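A short write-up of the structure that comes next.
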Amino acid sequence: MDPEQLDEFVMGYLKKKGFNGAAKQLQEALHNNNNNNGTGSSSSFNSTDYHNDPELTKLIRSFSQSENDPTRYRNGYSNLRSWAYNSLDLYKHELLRVMYPVFIHCYMDLVGKGHTQEARAFFNSFRKDHEMIHLRDLQKLEGVLVPSHLEEMEFARSLRQSKVNIKICQYSYDLLLQYLHRTESTLMLGIINEHINFQVYSGQPNSSSDDIDAVTIVGSFQETADHVNQKEIQWGLLEDSLEDRLEKTGSLLTDSEKGQGESKDGDVDDSNKKRSTEIGKQGSSLKKLKKDKAGNATAKVARQETSTVSPAPRVKSELALPVMSTDVEESILEDLRNRVQLSSVAMPSVSFYTFVNTHNGLNCASISHDGSLVAGGFSDSSIKVWDMAKIGQAGSGALQGESDTNDQVAGPNSRRNYTLLLGHSGPVYSATFSPPGDFVLSSSADTTIRLWSTQLNANLVCYKGHNYPVWDVQFSPFGHYFASCSHDRTARIWSMDRVQPLRIMAGHLSDVDCVQWHPNCNYIATGSSDKTVRLWDVQTGECVRIFIGHRSMVLSLAMSPDGRYMASGDEDGTIMMWDLSTARCITPLMGHNSCVWSLSYSGEGSLLASGSADCTVKLWDVTSSTKLTKAEEKNGNSNRLRSLRTFPTKSTPVHALRFSRRNLLFAAGAISKPTS
């Protein structure tokens, strides 16, 4: 076929398909080219009968049939998949990263062209390859059945409008291009070119688990996140806070004075000495023993590590904070003065509260700031609160259950060793104590939040506002205000004296699963099933940060005491540490192999504790995780495992964690029967 005939066919194809603008531009270009060459054959296009030319019609029909053939997607993907799985092990894991985005876009293209049955067959044939990592995404895509769903469903629309960033070494990239060109896989090449951005680096490929950022989503959502993350935030501590006063007065006790003060670790405040329990005494004796063993060298290392951290800036509160009573203030100051300085060589003591006989009914657990009260939320809509002082006086020595008889019912001649709070009409998903421990908040599947008094053992207020189950609720660090999050994709700010929310934070694309306050009370963070974490301004209700990097739903959050860093844990067991000022992930902490349900920073912020469904508590060295050498910064290698210690339980998933003000670590969970 000579060039002029080929040009005529292309022109005819464009006009047949209705691309009149492109046809006009092509004709003008050819006309100019012919004029430059001194020929006058440009009129040949006008003399051609595009609709009656049999050879042209045959060529156009063959193009149209091949474009609309749904088997091209199955054959192209299947061949690419076989080639990737048969590649050398050194490059296989990098080449397999391409398969998931190609898979979902093949499926959505088939749906978009109306091939519903072929799309379902394609989806069911290859979904097992991706279920381990992308199960929730696949469950959402399963609902995309007709072309209109691609526009109506937010998840599908965001996938179509976004691109995937994939890190790949130069040799893997060359192998992929050679395969696509050698096999003339134009369809797969088109999908990859349209929906994937390759970040090619030189050298050998990284191992499959080394790089948490190997696959990331970019596009319109990433552009939105970049725009949001340019906003200025004030991450420092409040002016005239109790910690600020201690620093200014320099009234921190010496190590010897701390050792004497730790014998009073069970005394939460002077007005309630009856709550000094055997647990507190045991914890204090353990801490004294560890301190004696560590000696002066440990104290020096701890002081060196804490002294290298620059002090947090001071900011003003945007909320009208409640006035703290003198007794509570003195109690907190006393705890802060006697705080044990932790570090990588000075580990905390751990007190674990185990629920027994729960019959898989425990949904959540919460521990008060001093560890004297423990609450559990159950599937039967009840909340139970245990006072550790009473259990200690009963001689049990540790919380082994709700102890003597059964978790649900006490014997006719026995007294319950817990307080039963009834009021919800659905499973209780979250419970949290106020900082002084005089109130408990609970959230439930009945869409309500309830405020309870631990002194009156009664329900005080029922807050209604969410439209669907409320997954989490958290008191602010100063009490009075609290935040909640729900299946309705919103988070809300409340105050105890108002039954309607003060602010509604909307923006997540799926359930908001967890919420956490910033230490200065000016921001809240929310984690969602859309795999993102957002930071919200409490005063304006505006989103000021979007953190992108998790590969599964975010289930837990924690803020560092100075307010500079945030940790988030997800369903896969990955923990990510974020710098709030830059919205960048400092380092991923990988070690858990199941959901991370709880996170907590130590009082001075040097350690991070994580509790997981894999029945372990892990301690992470935050100080070293946030410090990178110049060589590591240059190479971009921030993936450094900093697990210091793992505390395995017998068979108890960890529901809750909390560092007390004196840096004793409390944990709680329900023992489960090991699978035989």
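Think of each number as a place in line: the chain as shown, counted from 1.
Just so it is clear, glycine is given a Cβ too, placed from its N, Cα and C backbone atoms.
Computed from a predicted structure; not experimentally measured.
Here's what TrEMBL has on this protein:
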- 67-196: domain 'TFIID subunit TAF5 NTD2' (DOMAIN)
- 251-313: region 'Disordered' (REGION)
- 255-278: compositional bias 'Basic and acidic residues' (COMPBIAS)
- 355-388: repeat 'WD' (REPEAT)
- 421-453: repeat 'WD' (REPEAT)
- 463-504: repeat 'WD' (REPEAT)
- 505-546: repeat 'WD' (REPEAT)
- 547-588: repeat 'WD' (REPEAT)
- 589-630: repeat 'WD' (REPEAT)
| Taking residues 6+ outside the repeat 'WD' (589-630), which of them lie with a CB under 8 Å of any CB in it? | 209, 212, 302, 305-306, 308-309, 336, 339, 341-344, 347-348, 350, 352, 555-562, 565, 567-577, 638, 640-659, 661-663, 665, 667, 669
| query | Which value does the mean pLDDT take for the repeat 'WD' (463-504) in this predicted structure? | reply | 93
| remark: Helix, strand and coil residue totals from DSSP for the repeat 'WD' (589-630) stand at 5 helix, 20 strand, 17 coil
| note | Top stretch by Cβ pairs under 8 Å to the repeat 'WD' (355-388) (candidates 421-453, 463-504, 547-588) is 421-453
| query | Residues sitting near the repeat 'WD' (463-504): Cβ under 8 Å, six or more positions beyond its termini, same chain? | reply | 319, 321-322, 324, 426, 429-436, 439, 441-451, 510-517, 519, 521, 524, 526, 528, 536, 538, 541
